[in-house]
Amino acid sequence: MCERAARLCRAGAHRLLREPPQQGRALGGLLRWVGARMGEPRESLAPAAPADPGPASPRGGTAVILDIFRRADKNDDGKLSLEEFQLFFADGVLNEKELEDLFHTIDSDNTNHVDTKELCDYFVDHMGDYEDVLASLETLNHSVLKAMGYTKKVYEGGSNVDQFVTRFLLKETANQIQSLLSSVESAVEAIEEQTSQLRQNHIKPSHSAAQTWCGSPTPASAPNHKLMAMEQGKTLPSATEDAKEEGLEAQISRLAELIGRLESKALWFDLQQRLSDEDGTNMHLQLVRQEMAVCPEQLSEFLDSLRQYLRGTTGVRNCFHITAVRLSDGFTFVIYEFWETEEAWKRHLQSPLCKAFRHVKVDTLSQPEALSRILVPAAWCTVGRD
């Protein structure tokens, strides 16, 4: 019995010596796990860098600014010179020096020209709430073009009812857009009026020259008549009716003679002339001359815009007279405008009518227009009473 117990004790001891201890097996497994994990790629403990967002999407309204650049870039060289910049952005408020300073402000890389990026960057930084407006204009333009295509499709193959609905929606769209446009134009007119008043506070207004022309105060709405002066056998059709009053015909005749002298470079003073004004012999009119060379392929568009400009300017109270002359080459036009004062002409430059014509000129002229101004005696436009 004791011997058997001794054998079992020896066998158990040998078995324990042959088997690794449990703690050793656990430690080996832990070491193998640690080794395996160390061989795996490990993630950095630092915060992950944000993914590259790619190029930033253009700000709203950029397409409109690019269109402005295209119209201002007269020679299509992809950049605006100072002359092109002043021609396009002149509004009658900023003078040439102020426009030049603005040009160099926008020209951030000091290359003496403004490229598309510089123009977009400047206006985008100053757009404010107009960013949404200009972005909406981009969307509206696309939507209107799409709707015009739909309208054409309906009118080619739609039923009478479909055509009625489309016609109604088209008219309503026009009414809504016109309503918005009227609101914007009212704001433009209010700002222009306020700007004119601010400028007049710094400039003493001159006495009205209208009394010099007519010898009586100006009526509430002074009529203006357009003269299409003949030059080398060519003329531009008049947009208004011929003057019927004898006194007005005399004025037109004298203006025709004056313009003929201007074109022939034979301007002189009649020293024997009796001036009809008694105390205003020093009164002058502002005569503005614009000479424009039109691209042949854009002639029709230019003529349409010119006629609208002449009709609109004729109704401006402070414009005594306006005339347009077509030169012998058929593509060069000269406009003469007689204004009561320089300030009246500058206010006119801010009007929607003048800005619309200026934009058409940018698109249709083959080179920047030549503009000059001189003062002419108001007595030249006075009906003689001798």
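Note: Cβ is positioned from N, Cα and C throughout, glycine not excepted.
The stretch that Swiss-Prot tags with coiled coil, taken from the ranges 10-41, 170-201, 234-265, is 170-201.
Taking Asp73, Asn75, Asp77, Lys79, Glu84 as the binding-site residues under consideration, the smallest Cα distance to His113 (Ca(2+) 2 binding site) is found for Lys79. A sphere of 10 angstroms centred on the C-beta of Lys79 (Ca(2+) 1 binding site) encloses 18 other C-beta atoms.
Shown in sequence order, Lys79, Ile106, Ser108, Asn110, Asn112, Val114, Asp115 are the same-chain residues outside Asp107, Asp109, Thr111, His113, Glu118 whose Cβ sits within 8 Å of the Cβ centre of the Ca(2+) 2 site.
Around the Cβ of Thr111 (Ca(2+) 2 binding site), a 10 Å sphere holds 10 further Cβ atoms from the protein chains shown. If you take every residue in the domain 'ABM' (286-375) and average the pLDDT, you get 90.
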